[in-house]
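Notes follow once the structure below has been shown.
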Amino acid sequence: MGFRLSHLSLALSFVALALAGVAIYRNTYEAIIMKNGSLLKNVSPDFDSLESGVASILTLNNNKKRNSDKYLRQQLTPEACVFSAVRAVVDSAIDAETRMGASLIRLHFHDCFVDGCDGGILLDDINGTFTGEQNSPPNANSARGYEVIAQAKQSVINTCPNVSVSCADILAIAARDSVAKLGGQTYSVALGRSDARTANFSGAINQLPAPFDNLTVQIQKFSDKNFTLREMVALAGAHTVGFARCSTVCTSGNVNPAAQLQCNCSATLTDSDLQQLDTTPTMFDKVYYDNLNSNQGIMFSDQVLTGDATTAGFVTDYSNDVNVFLGDFAAAMIKMGDLPPSAGAQLEIRDVCSRVNPTSVASM
């Protein structure tokens with residue numbers, strides 16, 4: 001008797017689960033109709049029986065899977081389509097390698113700080129013809145994520161037909177999505193940037209902040225881009241995520257002497273040896289500033305931010321309240337993303353981010 005009851009109970013459980021699935025799907029379906037009635041008003045599936053309800057679930061779910069990409073393309077505005085396409089590529093890249101998030105943020109910074117946000121850093125060198133920014137000392141064997149931007153560009157082309165978006169725009173979106181993916185505050189990214197038909201090798205050397213820069217040099221470089229001291233300290237907070245090459249940060253003159261023991265690098269430095277920039281390198285948090293206040297910032301250029309009363313005050317503000325830092329960082333990134341290309345630059349919307357278009361469109 002007990003055996004039969006247990007089987008009956010099991011059978012009733014399966015029936016209950018099936019009915020619950022039908023009810024949930026029906027409620028979801030009705031919610032979709034409420035939201036998109038004009039699209040679905042002629043669809044009226046029959047849920048009167050368990051058999052037809054379960055069959056409808058299986059059929060509609062299979063159709064939904066096959067048609068999801070097409071449906072999204074039809075429903076999204078052109079701008080939203082671009083954001084969705086880029087975000088999917090960025091999320092996938094960071095899921096595969098968390099470090100990539102910091103790399104994409106840095107790539108956007110290194111693009112904008114050299115002659116404005118013009119995608120110049122993405123241009124490959126051409127032997128004997130063109131030397132760009134990728135192999136300049138601040139970027140050589142260091143800047144990375146080019147392939148992610150290329151994938152995002154192709155995804156936009158495939159997913160959002162008849163939408164023209166620059167590679168500089170894609171860099172800006174990818175950086176924003178990386179910040180959010182790693183736990184930072186998201187922020188708005190306006191589209192409309194253009195891509196330069198050239199790059200500036202020497203500009204990367206002269207305009208980008210370096211790990212050995214003292215505070216005076218850093219202030220001048222940020223002032224040249226119209227950033228305040230507070231914005232400079234906020235943007236330095238990008239070092240709350242990511243790694244740097246040991247040969248860059250764990251060498252005399254670049255590393256903060258007080259943090260020398262934190263450099264987890266081998267005695268023989270190679271470009272493949274990496275040093276995390278704070279103690280939580282995959283989380284967009286305030287630990288970078290906590291480390292600075294404890295005199296444990298890794299890079300010399302970071303630790304000197306505590307050597308001046310004004311900048312040290314901002315470091316303390318951010319160490320005391322992560323939300324203040326996240327808000328200021330987001331605002332500074334928006335401002336940085338608006339840095340214009342050099343006056344007179346020849347501009348276009350590149351078809352492929354790593355090379356200029358075969359024939360230039362008129363200057364934009």
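The backbone N, Cα and C atoms fix where each Cβ goes, and this holds for glycine too.
Per Swiss-Prot, the feature signal peptide maps to 1-25; the stated evidence is sequence analysis. Residues annotated as disulfide bond in Swiss-Prot: C81-C160, C112-C117, C167-C353, C246-C265. Annotation source Swiss-Prot lists Ca(2+) 1 binding site at D111, V114, G116, D118, citing sequence analysis. Residues or ranges marked as substrate binding site in Swiss-Prot: P209.
Positions of the features from Swiss-Prot, shown on the structure.
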residue	record	DSSP (3 states)
C81	disulfide bond	helix
D111	Ca(2+) 1 binding site	helix
G116	Ca(2+) 1 binding site	coil
C160	disulfide bond	coil
C167	disulfide bond	helix
P209	substrate binding site	coil
C246	disulfide bond	helix
C353	disulfide bond	coil
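Excluding D111, V114, G116, D118 themselves, the residues of that chain whose CB lies within 8 A of the CB mean position for the Ca(2+) 1 site are, in sequence, C112, F113, D115, C117, G119, G120, I121, A168, A196, L339, P341. Only C112, C167, from the recorded positions C112, C167, P209, C246, place their Cα within 10 Å of the Cα belonging to D118 (Ca(2+) 1 binding site). For the disulfide-bonded residues given as C81, C112, C117, C353, the lowest number of other CB atoms within 10 Å of the residue's CB is seen at C81. You'll find the Cα of C160 (disulfide bond) roughly 25 Å from the Cα of C112 (disulfide bond). Of C81, C167, P209, C353, all annotated as recorded positions, the residue with the shortest Cα distance to V114 (Ca(2+) 1 binding site) is P209. Ranked by CA distance from C117 (disulfide bond), the recorded positions C81, D111, C246, C353 have D111 at the top as the closest.
A Cα-Cα distance of 19 Å separates C81 (disulfide bond) from C353 (disulfide bond). A Cα-Cα distance of 11 Å separates C167 (disulfide bond) from D111 (Ca(2+) 1 binding site). For C353 (disulfide bond), the nearest of the binding-site residues D111, G116, P209 in terms of C-alpha separation is D111.
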